[in-house]
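Novice: Have a look at the structure that comes next, please.
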Amino acid sequence: MKFNNLLQNFYDAKIGYYRHLAIILGKNYLDNTIELIKTYLQVNNNPKIAYAFHPWVNGSKDRLSTLKEAIMTNEIVDIDYSSSEKYLGESFDLTILDAVNDFRPNYISRLVDLTRGGGLVIIYSNDISDINKLYKFSLTRNGVVKNLFENRFIKMAINSRGIIFAKDNDIKFKPFSSSEVSKPHKKSYDKTIPKSLYDLCLTDDQVKLIREFDFVLEKGKRILIVTAPRGRGKSAGVGLALSFYVKRTLSKPTNVIITSPSYYSSQAIIQFLEEGLRALKIRYKKKISKEGKIMKISAGEVNIKWTSPDLAKDENGDLIIVDEAAALGIENLEYIRNSWDKIVFISTIQGYEGSGKAFMKYINSLDNSQIVKLDYPIRYAKGDPVEKFIYNVMLLDAEPEVYRNNTQFMEITQEDLFSNEELLRQIYGILVSAHYRNSPDDLMFLGDMAFQRIFTIGYNAVAEIVEEGELDETTEDHILNGEENEGNLIPHRIIKYMRIRNFGKLKGWRIMRIAVTPELQNQGLGTKLLSNVEKIALKNNIDWIGSSFVADYKVLNFWIKNGFKPVYLASRKNEGLGGYSVIVMKALTERAEKFLVELGKLLKDKILRTSHQVYFNVNPRILAKILTNIEFKKEIEIDDTYIGKIYAYLNGKIPYNSASEAIHAIAEKYFYDLSFKLDEEEVSAIIARTFQGKSWSHSAKMLGVDNQEAENLLRRGIKKIVKKYYGQEEKDYIEL
């Protein structure tokens with residue numbers, strides 16, 4: 001058998017608690033996969049097996065059946081790629097990834113992580129570069145796509161130790177040794193936490209976390225921050241710590257909220273909370289949803305429930321635990337910080353969920369906080385070769401350097417980037433450092449998506465640009481009728497949602513990402529890069545340049561400062577990205593300017609008419625920034641009765657609700673005029689209370705002030721408006 005010479009390596013991995021990864025390609029991929037599994041079974045004859053695939057694709061279930069028959073077992077946990085996050089808390093000895101229909105970096109990074117020490121991961125496919133693979137196909141436009149990501153993946157697999165690469169009869173393998181790793185370990189019990197919880201901890205890091213959790217029991221505002229790379233047991237540790245928290249607050253009415261981007265991100269917290277409660281011999285009840293999710297646990301006077309982030313931030317409670325906090329974005333975290341006294345933020349700093357670098361910058365600025373860092377893996381030994389390979393090939397730990405005296409503007413081709421590992425790590429490291437939500441898919445996009453341009457200033461600032469537009473009428477009609485076209489993101493949104501068909505004929509550049517290395521931010525490098533990109537765009541006869549991003553105040557302000565205009569705000573929140581997408585554009589030709597004027601008009605109308613419903617959850621500061629930077633004007637007449645009501649409110653004779661329609665009317669007049677400026681805080685307060693219809697309390701939280709100050713801001717703004725339009729006479733009634 002061709003894999004028999006690997007037996008000794010599998011035995012050594014079992015001793016050292018490290019893993020192997022096999023990539024099996026070629027015509028005989030299934031036969032070779034089965035043969036390798038049989039070899040592994042000689043070392044572990046009763047492994048826990050996971051098999052990941054797309055079960056709905058033709059032929060995929062047949063391959064699974066063939067494999068089950070060949071190794072004579074039905075004891076396989078089959079995982080649908082699209083719901084694989086459900087399995088994040090589980091561990092397997094043998095994890096098999098069917099990559100015949102899909103070779104997607106996100107799935108690989110996530111599922112490789114399920115395998116424990118001594119185990120084997122197998123990725124099998126006929127050809128990982130096949131254009132018909134699902135994610136690959138989404139990167140294809142007009143039949144054109146590149147293979148730079150896959151070529152680099154294979155090259156690195158062949159050159160990495162502990163990775164088995166087999167293509168038909170050709171096997172390449174550089175062995176690894178158990179002498180190079182250190183297993184998870186714990187110091188002897190020191191009585192600082194209950195012995196039953198100590199026994200459940202796998203590492204000293206988890207023991208330390210349970211001890212440090214006492215911080216949230218101290219008086220005053222307290223924020224505990226738990227950070228780690230993936231697979232360090234941070235969520236499990238928080239679950240155990242929470243069980244100890246319950247023990248100490250059992251007789252005191254206490255409400256704890258757990259939240260995360262998806263329920264499954266918090267699954268380990270809830271699982272280990274249960275284990276901890278059982279170990280501490282605390283009786284509890286649980287509420288389970290129809291889908292089998294544990295939504296609430298009650299013990300004594302303590303209630304703990306999971307709630308989605310949108311609802312969780314406005315809940316009343318004693319403690320909120322936010323898992324994968326970096327993925328929620330700084331704006332949401334700041335809202336939670338303003339609303340809660342006791343907070344636990346948990347986040348992956350490096351790993352497939354995102355870089356978390358923006359999050360680290362944020363948490364380092366927080367007062368009344370304490371950071372607990374976990375370093376030791378719990379599923380496998382420290383120094384594991386598979387973890388090292390995944391980090392290297394997916395650039396999960398890419399950290400940019402600073403090139404101090406390089407100010408040259410230049411273009412870098414994708415081919416240059418993927419043939420120079422140091423350059424790729426620098427450029428990609430900059431791109432991910434500026435965003436709180438990144439994934440390995442982004443790296444494959446960077447390498448394989450054609451119709452891209454990459455520009456840099458001195459390897460310190462980078463712009464990744466996608467060429468869009470020049471659509472034919474057939475494509476425009478398909479978009480109008482609901483067909484997706486993510487390769488032309490901005491034209492797609494404008495045509496489908498704004499219903500402007502011929503916008504697609506324009507030629508545009510979408511700036512997918514623009515970023516500056518963290519140490520050199522706020523020094524004008526981003527603006528300088530944008531200016532150079534604009535000059536190149538003009539030379540290339542581009543009609544517009546634009547960008548689409550999750551609405552964030554600082555990011556929006558950057559684009560507006562550089563002459564870009566808001567033209568679109570999504571009507572629905574993007575749950576995957578944790579916010580509402582906004583599109584900004586700059587017209588480079590007269591025909592593009594015509595579209596921008598019309599789009600601005602439509603957007604201003606929509607925000608003013610639907611903020612109470614469609615945009616209720618958008619930060620009012622963002623709506624203020626958008627509205628005050630759309631120049632569309634319209635004359636609004638105000639009834640004298642309204643003026644009287646406004647003055648009566650300003651003079652304290654009637655409450656806000658009695659004058660609300662009058663305030664709405666005069667504020668609308670202001671937004672369609674903009675002939676003078678209000679303070680941004682005043683505009684934001686008016687939007688929050690008058691257009692979004694938020695309570696004073698909710699408005700205050702969004703603005704980061706107390707209730708009285710929120711109303712004071714609105715009063716000041718409305719007073720300036722009414723004085724400007726209707727003079728100094730404060731007549732607060734009329735006579736008919």
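Think of each number as a place in line: the chain as shown, counted from 1.
Every residue gets a Cβ built from N, Cα and C, even glycine.
Taken from TrEMBL, the feature ATP binding site applies to GLN206, ARG379. Sequence annotations record features per position, and here TrEMBL assigns domain 'N-acetyltransferase' to 449-590. TrEMBL lists ILE514, ALA515, VAL516 with the feature acetyl-CoA binding site.
On this model, are these features tucked inside or out on the surface, and what's nearby?
Specialist: Within 10 Å of the C-beta of GLN206 (ATP binding site) we count 28 further C-beta atoms, all protein chains included.
Across the domain 'N-acetyltransferase' (449-590), mean pLDDT in this model comes to 93.
Look at ILE514 (acetyl-CoA binding site): DSSP puts it in a strand.
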Novice: Take the C-alpha atoms of VAL516 (acetyl-CoA binding site) and GLN206 (ATP binding site) and report the distance between them in angstrom, rounded.
Specialist: 36
Novice: What residue among the binding-site residues ILE514, ALA515, VAL516 has the most other CB atoms lying within 10 A of its CB?
Specialist: ILE514
Novice: Return only the integer: C-alpha distance in Å from ARG379 (ATP binding site) to ILE514 (acetyl-CoA binding site).
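Specialist: Here the two Cα atoms are 36 Å apart.
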Novice: For ARG379 (ATP binding site), name the DSSP secondary structure in the helix/strand/coil scheme.
Specialist: coil
Novice: When DSSP states are grouped into helix, strand and coil, how many residues of the domain 'N-acetyltransferase' (449-590) land in each?
Specialist: 54 helix, 46 strand, 42 coil
Novice: Taking only the Cα atoms, work out how far ALA515 (acetyl-CoA binding site) lies from GLN206 (ATP binding site), in Å, as a whole number.
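Specialist: Cα-Cα, rounded: 35 Å.
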Novice: By a simple count, how many Cβ atoms lie within 10 Å of the Cβ of ARG379 (ATP binding site), its own Cβ left out?
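Specialist: Around ARG379 (ATP binding site), other Cβ atoms within 10 Å: 23.
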